[in-house]
Amino acid sequence: STMKRRQTIDSPHSSTDLSEGKEKLRLKKEVGLISGVSLIAGTMIGSGIFMSPEWVLHHMGSPASSLLIWAACGVLAMFGALSYAELGTIIKESGGEYIYILRIFGSFPAFIFAYTSVILVRPAGLAAVSLSFAEYAVAPFYPGCSSPQVVIKCTAAACILLLTIINCLNVRLATSIMNIFTAAKLLALLVIVVGGLVLLAKGQTQNFQNAFQNTTAGIGAVGVAFYQGLWSYDGWNNLNYVTEELKKPEVTLPRAVMIAIPLVTCLYLLVNVSYLAAMTPSELLSSGAVAVTWGDRVLGSWAWLISLSVALSTFGSSNGTFFSGGRVCYVAAREGHMPDILSMAHVRCLTPSPALLFTSTMSLIMIISGTFTSIVNFFSFMAWLFYGMTISGLLYLKIKKPELPRSYKVPIIIPIIVLMAAVYLVFAPIIDQPQMEILYIVLFIFSGVILYFPLVHFKWHPRFLQTLTLHLQLFLEVAPTTREAN
């Protein structure tokens, strides 16, 4: 039965985690400070810094204001991560926002988070990263002009399908791909930073004169600019998904945050300065792939190295999405909030293939129907809605339950600032520039209510769902993962 299978998953004797990310971390046994810094920085540095600069500039209107947005995004990510660090020392369980919302607010809001995260938020993140990979992969074939959208979308779809096959068949290969491509992204950023410093040393500073001219002041435009910038910082909360694997979490969690996020912020600011040293604002805005245009201007015949490095970087980021993608699925299934099929693993490959196939299917739908900037705005709206809920939970614990043991305390003003920013980021674009897509998102979130009460609260399991689960198990060759399966 469904409940028996769930009890098997909940068993303390279970030895194989269905999350590939956790599988990878178990090879190390513990995550120390250096590993924690690498985990945060490696997740944060993805496709955003190669795609978002033109959109931040587009919404803000001037170079100086766009740089202020990038700096403010770094500060906000830092404040959010410090707030999460205290939560991680109070609730020492893996699962990030899901487990915090579950323990503080209860089953219903936790289910809504899992429902939207598994079906919409994570697939949206994968779709956006895959589209940015496609932009850079096809850009060298269309020099001097924008790449056709149909070519970009087909390439992004091929990227997702290839990654799905790799992750479903071989965990070790997927892990190796992520490690190799992390080096590629760091190399690309360092080349851009050094090239920008050389240009500035040669006196190419004209784009920084009257740098605030044409600045946009609308609250909606600033909110959407924050969406695009914060997309590049997404991953600041990644260490909270592996709290159970941290060595001395009360020390490692806040220290890793304080090292990783300022480093990434400085790197992002230097990369943006380099872009503006090589291109005028209008040239940057007209570039579909900013780093490629930068490479054409600065590296000349060696510009293809930038395209290759960024394509490898974004491909690796797409791969990384699969590693963390199974964790919420698994923890939610363990708590009875997700279908059992999504928490099962392939009987021979021991990979969470049902969860991966579901995520990739939803991502393909989003690629067909959306563009990079629309998907990022959609992702950011959903993400900051739940970040705000999680931060409000921390404020509740600080005010109502100060007696709870906590080895690290963040000053209360910091989560208050993050909560105010989250409220602004959720409501400002709605008030200033209301869009039908936001209404669809809200309706989708509330549709979770229809599913929650019969399936979770009253534990009603229709026979046809049990039959469907059985047939999917046979077709996909998956089973609940236990010690015997390992």
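Including glycine, each Cβ sits where the backbone N, Cα and C put it.
The compositional bias 'Polar residues' annotation in TrEMBL covers 7-18.
Sequence annotations record features per position, and here TrEMBL assigns region 'Disordered' to 1-21.
Distant neighbours of the transmembrane segment (31-52): 25, 77, 81, 128-129, 132-133, 135-136, 182, 185-186, 188-189, 228-229, 231-236, 238-239, 242, 245-247, 251-253, 255-257, 259-261, 263-264, 267-268, 271, 289-291, 310, 313-314, 317, 320, 324, 372, 376; these residues of the same chain sit at least 6 beyond its ends, with a Cβ under 8 Å from one of its Cβ atoms. Taken from TrEMBL, the feature transmembrane segment applies to 31-52 (among others).
What TrEMBL lists as transmembrane segment is 64-85 (among others). Proximity of distant same-chain residues to the transmembrane segment (64-85), defined by a Cβ-Cβ separation under 8 Å and at least 6 residues beyond the stretch ends, is recorded for 40, 44, 53, 56-57, 208, 211-212, 215-216, 222, 225-226, 229-230, 232-233, 236-237, 240, 253-254, 257-258, 261-262, 264-265, 268-269, 272-273, 387, 390-391, 394, 408, 410, 414-415, 417-418, 421.
Long-range contacts of the transmembrane segment (97-118) within the same chain, counting only residues at least 6 positions beyond its ends with a Cβ under 8 Å from a Cβ of the stretch, are 87, 91, 237, 240, 328-329, 331-332, 335, 337-338, 342, 355, 358-359, 382, 386-387, 389-390, 393-394, 396-397, 444-445, 448-449, 451-452, 456-457. Here TrEMBL flags 97-118 (among others) as transmembrane segment.
If you look up TrEMBL, you'll see 154-174 (among others) marked as transmembrane segment.
What TrEMBL records for 180-201 (among others) is transmembrane segment. Sequence-distant contacts of the transmembrane segment (180-201) (same chain, six or more residues past either end, CB-CB distance under 8 Å): 42, 45-46, 49-50, 267, 270-271, 273-275, 277-278, 291, 294, 298-299, 305-306, 309-310, 312-313, 315-317, 319.
If you look up TrEMBL, you'll see 256-278 (among others) marked as transmembrane segment. With a cut-off of 8 Å between Cβ atoms, the residues of this chain six or more beyond the transmembrane segment (256-278) that come close are 33, 36-37, 39-41, 44-45, 49, 53, 63, 66-67, 70-71, 73-75, 77-78, 81-82, 84-85, 189, 192-193, 195-197, 199-200, 204-205, 207-208, 232-233, 236, 239, 284, 290, 293-294, 297-298.
According to TrEMBL, the transmembrane segment annotation covers 298-317 (among others).
Summarising the annotation, TrEMBL assigns transmembrane segment to 354-372 (among others).
Per TrEMBL, the feature transmembrane segment maps to 378-397 (among others).
The transmembrane segment annotation in TrEMBL covers 409-431 (among others).
Summarising the annotation, TrEMBL assigns transmembrane segment to 437-456 (among others).
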**Item:** Stretch among 298-317, 354-372, 378-397, 409-431, 437-456 sharing the most Cβ pairs under 8 Å with the transmembrane segment (154-174)
**Value:** 354-372
**Request:** Please figure out which one of 298-317, 409-431, 437-456 racks up the most CB pairs under 8 Å against the transmembrane segment (378-397).
**Result:** 409-431
